[in-house]
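Peer 1: Okay, these came from TrEMBL:
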ACT_SITE  D:SER188  active site, nucleophile
ACT_SITE  D:ASP274  active site, charge relay system
ACT_SITE  D:HIS303  active site, charge relay system
BINDING   D:TYR92  substrate binding site
DOMAIN    D:1-319  domain 'Acetyl xylan esterase'
REGION    D:121-140  region 'Disordered'
6 protein chains.
Amino acid sequence: MPHFDLPPEQLRNYRPELAEPADFDEFWSTTLAAADAHDLHVTATPVDTGLTLVDTFDVRFPGYGGSPVSAWLHLPARRVGPLPAVVEYVGYGGGRGLAHERILYAAAGYAHLIMDTRGQGSSWSVGDTPDPAADSGGPAHPGFMTRGILDPHTYYYRRVFTDAVRAVRAVRVLDAVDPARVVVTGASQGGGISLAVAGLVDDLAAVMTDVPFLCDFPRATTLVDTLPYAEVARYLKAHRDHVDPVYRTLGYVDGVSHARRATAPALFSVALMDDVCPPSTVYAAYNCYAGVKEMREYPFNNHEGGQGFHDREKLTFLRRVVPAPPAG
Amino acid sequence: MPHFDLPPEQLRNYRPELAEPADFDEFWSTTLAAADAHDLHVTATPVDTGLTLVDTFDVRFPGYGGSPVSAWLHLPARRVGPLPAVVEYVGYGGGRGLAHERILYAAAGYAHLIMDTRGQGSSWSVGDTPDPAADSGGPAHPGFMTRGILDPHTYYYRRVFTDAVRAVRAVRVLDAVDPARVVVTGASQGGGISLAVAGLVDDLAAVMTDVPFLCDFPRATTLVDTLPYAEVARYLKAHRDHVDPVYRTLGYVDGVSHARRATAPALFSVALMDDVCPPSTVYAAYNCYAGVKEMREYPFNNHEGGQGFHDREKLTFLRRVVPAPPAG
Amino acid sequence: MPHFDLPPEQLRNYRPELAEPADFDEFWSTTLAAADAHDLHVTATPVDTGLTLVDTFDVRFPGYGGSPVSAWLHLPARRVGPLPAVVEYVGYGGGRGLAHERILYAAAGYAHLIMDTRGQGSSWSVGDTPDPAADSGGPAHPGFMTRGILDPHTYYYRRVFTDAVRAVRAVRVLDAVDPARVVVTGASQGGGISLAVAGLVDDLAAVMTDVPFLCDFPRATTLVDTLPYAEVARYLKAHRDHVDPVYRTLGYVDGVSHARRATAPALFSVALMDDVCPPSTVYAAYNCYAGVKEMREYPFNNHEGGQGFHDREKLTFLRRVVPAPPAG
Amino acid sequence: MPHFDLPPEQLRNYRPELAEPADFDEFWSTTLAAADAHDLHVTATPVDTGLTLVDTFDVRFPGYGGSPVSAWLHLPARRVGPLPAVVEYVGYGGGRGLAHERILYAAAGYAHLIMDTRGQGSSWSVGDTPDPAADSGGPAHPGFMTRGILDPHTYYYRRVFTDAVRAVRAVRVLDAVDPARVVVTGASQGGGISLAVAGLVDDLAAVMTDVPFLCDFPRATTLVDTLPYAEVARYLKAHRDHVDPVYRTLGYVDGVSHARRATAPALFSVALMDDVCPPSTVYAAYNCYAGVKEMREYPFNNHEGGQGFHDREKLTFLRRVVPAPPAG
Amino acid sequence: MPHFDLPPEQLRNYRPELAEPADFDEFWSTTLAAADAHDLHVTATPVDTGLTLVDTFDVRFPGYGGSPVSAWLHLPARRVGPLPAVVEYVGYGGGRGLAHERILYAAAGYAHLIMDTRGQGSSWSVGDTPDPAADSGGPAHPGFMTRGILDPHTYYYRRVFTDAVRAVRAVRVLDAVDPARVVVTGASQGGGISLAVAGLVDDLAAVMTDVPFLCDFPRATTLVDTLPYAEVARYLKAHRDHVDPVYRTLGYVDGVSHARRATAPALFSVALMDDVCPPSTVYAAYNCYAGVKEMREYPFNNHEGGQGFHDREKLTFLRRVVPAPPAG
Amino acid sequence: MPHFDLPPEQLRNYRPELAEPADFDEFWSTTLAAADAHDLHVTATPVDTGLTLVDTFDVRFPGYGGSPVSAWLHLPARRVGPLPAVVEYVGYGGGRGLAHERILYAAAGYAHLIMDTRGQGSSWSVGDTPDPAADSGGPAHPGFMTRGILDPHTYYYRRVFTDAVRAVRAVRVLDAVDPARVVVTGASQGGGISLAVAGLVDDLAAVMTDVPFLCDFPRATTLVDTLPYAEVARYLKAHRDHVDPVYRTLGYVDGVSHARRATAPALFSVALMDDVCPPSTVYAAYNCYAGVKEMREYPFNNHEGGQGFHDREKLTFLRRVVPAPPAG
């Protein structure tokens, strides 16, 4: 059944009763404070992509535990004054890709930073940021979803969300960027990370989150058997005695809880035939989102969502909230 | 078996004995002459894509039978003098897409024309060019491969290849373009069309053809059961009495025969696990190609081929054969 | 879940609130009037099938736009006086087949006309009727469901339904046929066409429609992802901006609306595990059907429905409503 | 790979070195003699199918062990003198079907007997003949291929082939039939049974065997993993210690050995993409067939073979070897 | 959807209204009385498994119709006095296996009898007990589910359940066994048989039934399309006219009805993602079970259920209800 | 094609020309020396499994980098003097399982140690040994095959093979074990590890390796697209520029090279339909194995291999090379 989830009118009102760990906010403030104890030393090395309209830099900044995180920075070759910036997080399995691959926001006049996701980057796009924490080697189901999942302190996404917050801090110290006009974005895992950053950083100019992953875990993990949510279920299929600690840990990561704390203006998208990040889980985050928000629905799409049609929506939204200066 | 085709060393020497229709050249010269009898009236209307570094135009030119064919033209927003141009043809099922979707060559300083494929453009990317010839309604298997296939004069790809030659002619009459430096490119169906244009137009600056489709039909249609080659087999599964006329018609379209007539410098790519356009059929065209040529092999890829890695190769190749002027 | 649709008791009462275009009746009367402006010149050429008990003729009559439509006519070799006639429409993708393939109704003593579906006939059975209207070449998803779908006037099924009405008119002018005793029938697409003809022609002797396709599009296109309904969804997956015009066009074709206008006695069949033409969409047409009606339910069948078991039901039903004369 | 078997030119010369059990002929002559010890009492009860051109009878005759085997007999309703007869065996899993379902040969003027396959008839078509031998309950993989397979005397196909020979004897005692003009036919399992009968009965008028099953077991069971050949492999996957007795038993059934003994004129068909009864195994039987023979090749078909196209060939072949009298 | 069945809270209260044949109890008492008319002659032959801690015997006892049924008996090599015994029935398709394969209960100090399932034992594990009743050869869909299904007296599971009751009687006559402490167990089909035995034998010490099969047929056969339940649906897909007799026969076998009559203490297990024996059908039996009962739920498992985790539960349960003596 | 690999007679002689890194032996001697610098402190804690015939201990010993590796030790509850020992390594994805799950070798009178595979143990069986090396977090495709693969020093299997050698050393220091009679065994990954240990430890009593994984990587990774070999291909599908370093690293792990150095008597098994560890790669190791060796072939099995049938072979082989003492 292509519309396998709730009927549209129920989706638009779906709001799960999701318990939150009592120390949710303390957990994250402690975590970020520890990361911020590391100096924010950012390097940006120019690379030759063969493109003449866009300048690209290989960026490195210290993330969780101070270990280096890679990113690409794209800027219009001709630019005047500090630019509004878009910080982008990547979908599950991928990395920041090759230096010339994603230049849309720069072509629209923005500074654009694309962050690697630690450990990922060996499937649909490449990356080269390791996840050298000792915790990364704990017994886990193949993939990243269950690494260190028995304790929120060792859980993989604790490190990733911390990197993501640090990426916002890193982009703000760049000369080319206006620190008051930073937008975060991403699709799928990148959308889930965007929501977390929106909840953890309080002065973003906007959030654009597409078909976000990592939302409403109790529903997602029993509603679909597609990867990557299914990694959790497959882990629990083996470790029948780990159900409680696993869901406890996921409570610190759930995008619904982060959305409740986020206040920047937000543009969401959802696909009604999405069996990877099912629409009810996206609406769960949307309906709980604490800031001004807009939704775009794609009724006949699976997880690819709106693609170019939605990029058009995002360029329009961006132009509205953080207009880029005219081309230099 | 991922390496299901010939072993690499045999691939590199594979050269099929492919019979050609006796009137192959006459068929195509007559066809193109008929198309060229229609005035080459080209229109280019600016569109607002939201991008500031690239100017985009909605182009229309008369193709086969004089009926209008749509294309996007992308130019660097700041440009000086006529530019070398890249004419791109699209993969099977897709269309030219949305106006902002493919700006890589413009970002590298080139004029870039992306042509719709008539009738296509309702699956992975959109298009809006109809195929209004009466022949297009003949009984056929779903898809485009068997439309009008019982006679080379009514066959679908006769019309498409004619459009593609006309696109080269159209780009050459644009002010922004240097007509002596036109390169054709495309992947899969777009690669097959590129080979045909390379055989039918004798003064191209270069050809870049990736994992080309429409090559060595007798082998392709019995070696793989994947779409779109399988459309031919499925048609013949029903019409058991049409085998001879079908293969006769395909003889006019086969990229191996067009390659034998092509002389522009060429860059090919092939993927050794490609079960859509199997590597032997790509090497069949490559080994028969009459001009100077280079091949890039991707041993662990299916039909996606080299993707960003190969775009890098293509930008380098382009810079070598038709360097773009420095950014304005 | 094999019984994936509504539970049986809900199916039997399911009646969708389906909006109809205001000009539905005018659209069709204008369309049919235009077709009827073409002379009804019917030809019937004897063919040698190798069968001695049945005489078969290759029939051609002018359909939509006056273009020729092919059909087979089967008659008992020994016959006395004009016979009641069965006009049959074919399932999606197929054609009228070979001359000897479907002789059941003739073996039961009836005149039997099997009409080609224009453009189809290259998959499970063969056909040779083209769809030469210029509209047939519009950009479309592979298959026939989305050809010309942006406007009801260019839509493929406008032409097919017109051919089907003309087939009834054609069979009535044959000497061998009693024009007062014409029954229409078909399965799947053929069942959907039968319903449309039942709504558009008001003096049929009966209708026998099996697991009909083309009914309750809003439900069908979001309930199943199987072909051919899924062609609509796949088209809209690409053309995210065409949802409204597509559903407007389908409103003129929907079997539910045609059923509301049909009055001939009808025999329906439905399969409760049918994931191609889901049972709720069949019951939608049945429950709205305006004439006397009977349903046969096949609880453990998918789209194959009742097959030989239901042919038995149909022969019995036919014998009741239009008894054939004793064999000559 | 659609052409997964040997290349066409090798197929046409493929002739396996297949060992035969030393007592092959004795085994079968003893088996048939035991069956023939049962009186050949044949009953034929008229049934009302609703068809007026064909008379149908429910036939029962004593098969292996004297237990009753069901069949349909179809005759032209108007007939003059004894007719040539076609005895048909059914494909795997099916039964003789419903009484009105297969009337092609009767419509062409022949007597036609369709035999049930004992125990089968609960999947694609129905049957009602049990296999009441005690041997039928031996441990076996689901399906019929491994029932009693540890000993040729208890093997399922010993009983089936015996029934099939008895069906020829039964049809010959019917008044309506000319015993000198009996043809056997069948597709897949029915084709394999036809070959066996052709080897076991020496005065048939002709054999028409389509894409025959049960040929060249050592190759078939390791070349394809499709049912029903795969039942043997799945049995041996469990019973790793039964390889030798299984292949010994199959040696008595193999169509290649039966073909070596057959002398009636034969029409074969083969499909080059057939992954159920792979083309090499069909050619194995064809190339070893001892009588005059013809082959029809269907290069783009899987196990469906030539279907209506081949029925046309068969009607022509029949007309040549046993012309039916003109319709009465 | 992994949790495709009812939500957990509804599962735990699901209790189908399942009609029972009026003569259910009489049917079974008559059946068992007939079997018990055969002398209970049990043989036990030692076999060398290569294991030194466990003694294994090849057991044979007369089952339904007096025909011999095979089983393995495992005993601790060092043992003192009569032991409590576990009688185990096997999952669908399998047999008792090889002599050394299942020694867990013996290693825990119990006598352990594993019974072959007649006719089965040629897929995931081997067996060698035939089902020589003449009824076993009736027309049926491949597999065992529809053998003789048109009449409860000829139905396959009538014979199997009778064997299973006789196995309990057989183990009780062995010297090594304490007849007052016999427990029955099994998973899937083995679980369904256990439930039937629990209803048919009134003095068992306990029942341990895991993810039982053969429960709530009306729901199971329309809720899942997986084997083996789907064998019933596939049979009815062909035999559209056999729905009523099939469900009537299944009424004598349904585990829900047997559970209503069972009184021994019971341990059940259920897997919430089980699409072979769906959780509602397991809860149907559990909620109707007449004795003291406990359930273990495995929320992330399919039909494999609790595996080693549940074996641990079963060893604990066994130790509680029938403690084994200390090792000798 | 079930027999998709080389024909049996070619398999039995297949011997790849596999280049070895020049410093292969030095690499491993340095690696093991570093591990052996850690004290071999082995702990063994009794656990209550509920089994009375077998005593089980939770063992921990320092592996690669000195980090703790878990294992189960099973001993016959009654035992006399030091026992011959079987050290078992586990298949890909699994862990040592639960304490009561694998007691076959203990039931046959042997000491039996089952080692966890670091990081694994969250799919088909559970484990709890982490892989805390910083290298374990490098960018990798999901799974373990490409962790740290760009350098042999950081590669995952360097750590695993070191653990495995240390397990042999650990078992030898146990009182219950006779250090002169240690056998290693395992299936699939466990078989590949066994081969490596056989090459790295020179005084083993025997090796029993079943359908070993990790052999002849250049062939395996292009011959099958099944997991886990396909993890390498999927990594290279993304990282098109890493082909050379990846194959260089795999050269240190390849079971063919380890087999060339192994001298203990060996029992191999191979399955001819194995598409996970294809038979040619198993024979590659077998044919290069330097010691006395025997092979068991399972012609109709996929990767499950001989299962219980082969356990029987292994018990017999063990009894021959290291007879267990009679039960105490």
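Every residue gets a Cβ built from N, Cα and C, even glycine.
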Peer 1: Using the alpha carbons only, what distance in Å do you get between D:TYR92 (substrate binding site) and the residue listed as 'active site, nucleophile' once rounded?
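Peer 2: D:TYR92 (substrate binding site) to the residue listed as 'active site, nucleophile', Cα-Cα distance: 7 Å.
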Peer 1: Cβ distance under 8 Å to D:SER188 (active site, nucleophile), same chain, sequence separation 6 or more: which residues?
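Peer 2: Counting only residues 6 or more apart in sequence, the Cβ neighbours of D:SER188 (active site, nucleophile) under 8 Å are D:GLY91, D:TYR92, D:ASP210, D:VAL211, D:PRO212, D:PHE213, D:VAL276, D:CYS277, D:HIS303.
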Peer 1: Under DSSP, is the residue listed as 'substrate binding site' helix, strand or coil?
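Peer 2: Going by the DSSP assignment, the residue listed as 'substrate binding site' belongs to neither helix nor strand, so it counts as coil.
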Peer 1: Let me know the DSSP-derived helix, strand or coil state of D:SER188 (active site, nucleophile), please.
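Peer 2: Going by the DSSP assignment, D:SER188 (active site, nucleophile) belongs to neither helix nor strand, so it counts as coil.
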Peer 1: Write out the long-range same-chain contacts of D:ASP274 (active site, charge relay system), meaning residues 6 or more apart in sequence whose Cβ is under 8 Å from its Cβ.
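Peer 2: Spatial neighbours, sequence-distant, of D:ASP274 (active site, charge relay system): D:VAL211, D:VAL282, D:ASN301, D:ASN302, D:HIS303, D:GLY305.
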Peer 1: Since the record lists D:TYR92, D:HIS303 as recorded positions, which of them has the fewest other Cβ atoms within 10 Å of its Cβ?
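Peer 2: With the recorded positions D:TYR92, D:HIS303, fewest surrounding Cβ atoms within 10 Å: D:HIS303.
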Peer 1: Would you mind listing, in sequence order, any of the recorded positions D:TYR92, D:SER188, D:ASP274, D:HIS303 that have a CB less than 8 A from a CB of chain F?
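Peer 2: Listed in sequence order, the recorded positions near chain F come to none.
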Peer 1: So, by DSSP, how many helix, strand and coil residues make up the region 'Disordered' (D:121-140)?
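Peer 2: The counts are 4 helix, 2 strand, 14 coil.
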Peer 1: Averaged over the whole of the domain 'Acetyl xylan esterase' (D:1-319), what is the pLDDT?
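Peer 2: A mean pLDDT of 97 is what the predicted model shows over the domain 'Acetyl xylan esterase' (D:1-319).
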